[in-house]
Amino acid sequence: MTSLEKETAAGHAPAAEHVGALRPTNDVERIEAPVTWQAYLICAFASFGGIFFGYDSGYINGVLGSNIFIHAVEGMEATKVGESHTSLIVSILSCGTFFGALIAGDVADWIGRKWTVILGCFIYMLGVAIQMITGTGDALGAIVAGRLVAGLGVGFESAIVILYMSEICPRKVRGALVAGYQFCITIGIMLASCVVYGTQNYTTTANYRIPIAIQFIWAIILGGGLMFLPDSPRYFVKKGNLARATDALSRLRGQPKESEYIQAELAEIVANEEYERQLIPSTTWFGSWANCFKGSVFKSNSNLRKTILGTSLQMMQQWTGVNFIFYYSTPFLKTTGAITDPFLTSMIFTIINVFSTPISFWTVERFGRRTILLWGALGMLISQFLVAIIGVTVGFNHTHPDPNVVDGTLADNISAVNAQIAFIAIFIFFFASTWGPGAWIVIGEIFPLPIRSRGVGLSTASNWLWNTIIAVITPYMVGTDRGNLKSSVFFIWGGLCTCAFVYTYFLVPETKGLSLEQVDKMMEETTPRTSAKWKPTTTFAASAQHHEDAYLARHSGEAEKTV
């Protein structure tokens, strides 16, 4: 007996009966409505959540170099935040975000995608309020506690905004629109750098409290705006509420509910959900998490393989070393002896980051996810190795005492240091236009609906886990009291970018131009290296209808023989 027959025998309507009522289509090119300005605006607004992550990366980099903040945390005699305290302050937000991303998957399946993001905004604001206490009493305790709570909120937002955008964006522009999330991250970093640069000469606690307080604005804009947007139609399908799914899809596509496009797309989502439910049955809470790890690691379409792909892709993104630049560039550049204004140089890095990211809006849809990840990794590893080689020979690593400044240093070769700065900027360009958005796009596309929220949550948690690890160990790697690696740290980042290049070639599939349901089929029928050549030939809805027609015909014939 087939799964459809078992389903019918058990008293459940087979997939085709659900789908048939929705007027499915056999045309793989007509499973979505034409893209409208409304779809663009809704998805663009959802991507605003990236500012949370970006602004934090930018503001903490500048605040750690603020003398007022240093004195509040370490005492009036201190000239810098200690390595252990720097490690704790920077990494604690990522630690909170790790747990927030894991929790968010369950919450998103319980209350919906958009309400999970809104809840994350409230948690984030609570954390910002606690950080504002820094400067009265135990300054270190307040900033650490506040960043831990804010991290939980960022975890909710970072995991579920990607999930929400992937589920509502039209397939032909999904990559470009989800790349908008990374673009907002870069805008957040730049805004933070501008704010820190503007308050660096303040002589009161406003020097660091203003950069902290501005975070309230981002949470209010995102949380307030999402209240007026529809939730994901795929979430409603998962919950079995086709009426609300139809309404949400109609609003997202700017089409009436009776439109053939709405009916066909909803039929495809329902048919795929029914198909996936046969492969991944509903189970207990623990069982639903266990489903993420089922299957063989050698089978490209297994849940385990997809989970490994999502989590390792986010790990690779962090291994590029980009957060070393955005978290620690200000104090690091101070030690080079060649940068007169490290705050300004860090701000220039963020501006390059911002203006490089929009390139991916075009390239990700023109050349594909896999292609830009390959070329991005190649460009990054070349840039990183050049920074390291120049540094250990004639650049950052070679300084002499500055006679005009106590404990100050000057670079032996200013031109070499400037060349290093240039290659760091080139590295940022390659990251911002490829791996920055590319990793977020792919993790939102590869998971089937029954485990999508948990798969994206696990992948995002991986991002924050490695973000935490890098934030913890980097001060010890480059700090003068311990590792003092100076330019040699770029050998590490370059080596890891080389790993990212090899990893992409063998393991990352091409998902360009496919619906989320078609991505499932592609991964079932092809390998990563041949995935770009795969084209859909039928819809899930048509397949379901075919199986049901065959089932009914077979049983109709048996009934005639009986008579």
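Using N, Cα and C of the backbone, Cβ positions are placed for all residues, glycine too.
Copied from TrEMBL, the annotated features are:
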type	residues	note
DOMAIN	42-512	domain 'Major facilitator superfamily (MFS) profile'
TRANSMEM	37-55	transmembrane segment
TRANSMEM	88-108	transmembrane segment
TRANSMEM	115-133	transmembrane segment
TRANSMEM	139-164	transmembrane segment
TRANSMEM	176-198	transmembrane segment
TRANSMEM	210-229	transmembrane segment
TRANSMEM	308-328	transmembrane segment
TRANSMEM	343-364	transmembrane segment
TRANSMEM	371-396	transmembrane segment
TRANSMEM	416-443	transmembrane segment
TRANSMEM	455-478	transmembrane segment
TRANSMEM	490-508	transmembrane segment
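Among the recorded stretches 37-55, 115-133, 210-229, 343-364, 455-478, the one sharing the largest number of Cβ pairs closer than 8 Å with the transmembrane segment (371-396) is 343-364. By the count of Cβ pairs under 8 Å, the stretch nearest in packing to the transmembrane segment (88-108) among 37-55, 139-164, 210-229, 455-478 is 139-164. Simply put, out of 139-164, 308-328, 343-364, 416-443, 308-328 has the most Cβ pairs sitting under 8 Å from the transmembrane segment (455-478). Averaged across the domain 'Major facilitator superfamily (MFS) profile' (42-512), pLDDT for the predicted model comes to 85. By the count of Cβ pairs under 8 Å, the stretch nearest in packing to the transmembrane segment (37-55) among 115-133, 139-164, 210-229, 343-364 is 210-229. Between the transmembrane segment (210-229) and the transmembrane segment (115-133) there are at least 3 Cβ pairs closer than 8 Å, counting only pairs 6 or more residues apart in sequence, which means the two stretches are in contact. Highest Cβ pair count under 8 Å relative to the transmembrane segment (490-508), across stretches 139-164, 308-328, 416-443: 308-328. For the transmembrane segment (139-164), the partner stretch with the highest count of Cβ pairs under 8 angstroms, out of 115-133, 343-364, 416-443, is 115-133.
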